[in-house]
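For reference, the structure is listed below as structure tokens.
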């Protein structure tokens, strides 16, 4: 809203403002009375506006025995350049008191939205009329400024009252328990406003006859604007009251409401557009700040007219398609369904049937199809869009492709385009401010994709594995290296693009000692062969023994997960990541050294066992199991000590 700082200014209350205005008026009257009561010396003459009053005209009034009359005092106040603004302020104060009285009688306490609308309307009106007076008309005398200020004071009073009536009508029309007395008070005020607009037309004719055709055109346009707004609200109120008193459901209400809004809004926009064009041509202000403001307002009005015409064309298209494609439901179908309209929840005496079999009111379905081309109940597509709508849908699909992954031919998700759309709506601040949009497109592909840090990939992989623990870590990480997005990888898992192995595959790979046969060396010392022949002996362990060996699975699992984690590049930009990689390499080297040591010690133990003379014990399966368990326990203790 323009002049936003005025809202934050600590304005006085209406009571304080009224008291100050009364004191100012009383002071000016007393001053004028004293000036007229003094003997004629020329020092007390007021500063004239245009043509100063002759002293001979005021002398008879001063010489009367009863002193100056009220007419003489008023004439003196109007002729003074300072006292006249006190009279203008008094007129504004009277209008505010009348508005407050109307609020108490007709509306009562105002809602928050009504107060905000009144503030917006008032400050916008003040801003534009200030530009009109000093930028378009370029008035030179105080008399003209006073005349236009009084004229616009009456106009802003009518505009605010009409706006308040419109907001209250919209509130009362949606309230099911509104008494008729409330409707009667608001409608009576609207009729009084319409009669006041007729009085403004008479003032336009009288003033325009004396000041020229341009002044008449400006004043007539302003009065017509407020008259059209008042008539619009009255017509809407009449339609609503007729619907309330009408028995049953009035199917034609939507059509009457739509065409009333269309005609009145188009007439209002056309009048306002012509009024601003007249201001631009009359003022000859091609290179000024006022011309910029008028150009912005003209652009806004022109786009509003275009938008309203496009909406009307869409309405006609929807009505034509609805009447051509969807037949009226028969009484038998209404009796069989015996249901209420799913949009307005009212009983249906007449309805239209969609291809999916659902029934709706004619007006309800028309209002729905203006926004969406699907069934309100089952969301089945009705396919009634024409070529332009189809193109808009196609553009919307293309926009969705930038946000949603689409499967490529090889089954991998296609990389998306990250579009950033910024929109500035100037009409929310002021109707004359422009609205603009900026769209920044970042097209990503495999070659030019920005390499995300490995720590981010690992964090995303852990996040996905918390949601899908059955998916191996390395598969999640491989997909993240391609997509760089948690959402896309999640969609790939849900849609089956990532082949998840069976749960038994991991357990089999982690526990090879439990399922694979044991190779037992059987050296032949008598023949002196250097080769070692192996003999496969199936290893059948008891349940307790399997529980004892479960620690190997628990310890191998994090090691296997760590092997699949993405290690950062040796030339990483992050110092923390380089330090983490160094520590990780050091731990890997220590683990490899421990493994080599344990393998070497186990080989030495096996060689010493082969050299034992006791042949019976070496071939005993029970002894072999005991030795294996002892070796496994020893390795476990060594690992615990080293870690």
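Glycine residues also receive a Cβ, built from the backbone N, Cα and C atoms like all the rest.
As annotated by Swiss-Prot, domain 'CUE' applies to 456-498. When DSSP labels each residue, the domain 'CUE' (456-498) comes out as 32 helix, 0 strand, 11 coil, counted as helix, strand and coil in that order.
The feature phosphoserine is assigned by Swiss-Prot to 516 (among others).
Positions annotated as phosphoserine by Swiss-Prot: 542 (among others).
Annotated region 'Disordered' per Swiss-Prot: 504-535 (among others), in sequence order.
Under the heading region 'Disordered', Swiss-Prot lists 598-624 (among others).
Taken from Swiss-Prot, the feature region 'VCP/p97-interacting motif (VIM)' covers 622-640.
Residues annotated as transmembrane segment in Swiss-Prot, with sequence analysis given as evidence: 82-102 (among others).
The annotation transmembrane segment is assigned in Swiss-Prot to 122-142 (among others) on the grounds of sequence analysis.
Positions annotated as transmembrane segment by Swiss-Prot, on the basis of sequence analysis: 186-206 (among others). With a threshold of 8 Å between CB atoms, the same-chain residues lying at least 6 positions outside the transmembrane segment (186-206) that come near it are 102, 106-107, 151, 154-155, 158, 161-162, 165, 168-169, 172, 216, 219-220, 223, 226-227, 230-231, 233-234, 237, 241.
The transmembrane segment feature in Swiss-Prot is assigned to 215-235 (among others).
The transmembrane segment feature in Swiss-Prot is assigned to 254-274 (among others); the stated evidence is sequence analysis.
Under the heading transmembrane segment, Swiss-Prot lists 276-296 (among others).
What Swiss-Prot records for 429-449 (among others) is transmembrane segment.
For the zinc finger (341-379), the mean pLDDT of the prediction comes to 78. The zinc finger annotation in Swiss-Prot covers 341-379 and rests on sequence analysis.
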Under 8 Å Cβ-Cβ from the zinc finger (341-379), and at least six residues away from its ends along the same chain, one finds 248-249, 251-255, 311, 314-315, 318-319, 321-322, 326-329, 333-334, 385, 389
The correct DSSP tally for the region 'VCP/p97-interacting motif (VIM)' (622-640) reads 19 helix, 0 strand, 0 coil
Using DSSP three-state counts, the residues of the zinc finger (341-379) come to 8 helix, 6 strand, 25 coil
